[in-house]
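Here is what TrEMBL records for this protein:
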type	residues	note
DOMAIN	2-81	domain 'Groucho/TLE N-terminal Q-rich'
REPEAT	397-438	repeat 'WD'
REPEAT	439-480	repeat 'WD'
């Protein structure tokens with residue numbers, strides 16, 4: 001009986017192993033089929049985008065022809081009209097298939113294997129780009145290396161030693177524990193891309209993607225430091241012509257693997273940058289309305305009027321209600337600048353808030369301009385009285401968290417909210433200087449915060465890849481939005497309905513707070529480190545590790561203007577009258593822009 005049972009067991013065991021191997025084989029095949037399905041879907045999506053772009057180009061060419069024909073002689077007009085009608089009547093032929101993309105190894109290995117080869121080529125190119133960026137980062141400014149070294153005991157409770165630790169790209173708090181970990185200080189001229197240095201001009205309304213970029217990047221933006229090839233490419237982009245061969249798009253994350261180069265780029269090598277995402281996840285390029293860049297309250301561009309040399313990396317900035325004073329937070333201190341005096345070279349005051357080795361992360365003014373609240377790499381917030389001849393600390397608020405990443409003030413100036421490195425949101429009574437409540441939910445550091453204009457809702461983003469909405473009257477969480485990337489910045493539109501979120505993945509997403517609709521914006525090339533809505537609610541700005549300041553139309557993200565600084569832009573603020581923008585950057589200065597309408 002035992003031998004029979006043993007034989008039966010061995011037979012069942014053999015069958016089990018056989019079925020297990022078959023199951024693993026099927027799972028592998030399923031994964032491969034899913035991968036190919038995704039690749040085909042991406043190719044189909046890319047073709048749809050290309051069709052949309054070509055339709056837009058044809059429409060604009062039609063308009064140009066209609067405007068030029070009246071200037072011709074009568075005979076030429078008749079000939080042009082005949083040719084135009086003939087062109088409109090041409091049948092659309094089948095898509096030519098005789099010119100394969102170099103990345104697709106067609107022939108004997110066509111079909112799915114060819115797509116696999118294309119994917120391999122894309123991954124190899126990606127690895128090469130990553131290697132070049134790593135070399136560039138290693139050659140960055142010497143201060144960057146020292147800035148990445150932070151005492152472990154201050155910020156990482158998981159580490160048992162007290163020695164310094166170097167924050168790597170895998171660290172939980174890689175960009176928030178030390179913003180300069182996200183700096184990427186590199187020469188903008190060394191980065192290939194379709195953006196010449198400087199700000200964009202205004203693209204015509206309704207243009208999203210290639211055409212939009214081609215209109216603003218004209219000859220007047222060609223830097224004298226560019227070599228001949230780069231200058232020619234920039235000039236060609238300005239006139240809507242294709243750049244030279246090999247002129248790489250600055251948005252590799254937007255490319256469709258295996259898609260021919262002719263379908264990847266048109267006027268300036270960039271796909272559409274604004275997409276509407278429906279409730280079922282379908283993405284479509286946004287057709288901008290005719291008044292996207294027109295009307296009252298919509299800027300035309302921004303002009304740099306002040307450069308404030310802080311002396312350390314500027315992680316926090318704010319501007320007073322009167323627009324006279326700018327506050328810049330760096331290592332250990334906040335400096336106060338009077339920007340009403342043209343050519344001001346030195347701060348009018350310095351507020352020593354933290355130890356010299358710790359960075360200020362956020363500073364907020366109360367609406368009367370007489371009180372400043374400062375938080376950073378310490379467990380204590382400091383409240384400064386600015387009404388005295390010499391600013392002084394009038395109170396300190398201490399929590400259990402080792403660092404504060406962001407601050408918000410209630411509209412009535414009675415309550416302060418601090419985003420802590422332990423994930424908690426601490427609510428402070430400013431009058432009694434006491435801790436009132438803690439909102440607990442984020443499982444990693446809370447990195448950014450904003451409050452609704454009526455003071456009833458609080459929005460927070462975290463390194464746990466979530467954005468959460470809190471009811472301030474009932475003290476509970478109302479909503480949670482999950483993402484696939486860490487959240488570094490957010491802003492709630494003053495007129496309600498829309499929340500803009502900046503991510504480590506370089507995307508900006510604009511969410512409708514009560515509907516599943518959202519927009520996804522793709523002009524940044526790296527982490528989006530700060531974001532701020534204009535007080536009118538019609539536009540907002542975002543800044544990033546890619547040195548860019550982008551201004552967007554609410555909510556669909558038409559690009560209003562763009563400015564490129566010389567280093568990563570870590571922080572920003574907009575004056576209450578929407579007339580000035582202030583940015584803080586990795587090259588140890590703050591920049592003040594005047595908004596031109």
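Cβ atoms here come from the backbone N, Cα and C positions, even for glycine.
Just so you know, TrEMBL annotations never went through curation; they're auto-generated.
Per DSSP, the secondary structure of the repeat 'WD' (397-438) breaks down as 0 helix, 24 strand, 18 coil.
Helix, strand and coil counts from DSSP across the repeat 'WD' (439-480) read 0 helix, 24 strand, 18 coil. With helix defined as DSSP H, G or I and strand as E or B, the domain 'Groucho/TLE N-terminal Q-rich' (2-81) counts 78 helix, 0 strand, 2 coil.
When averaged over the domain 'Groucho/TLE N-terminal Q-rich' (2-81), pLDDT in the model lands at 86.
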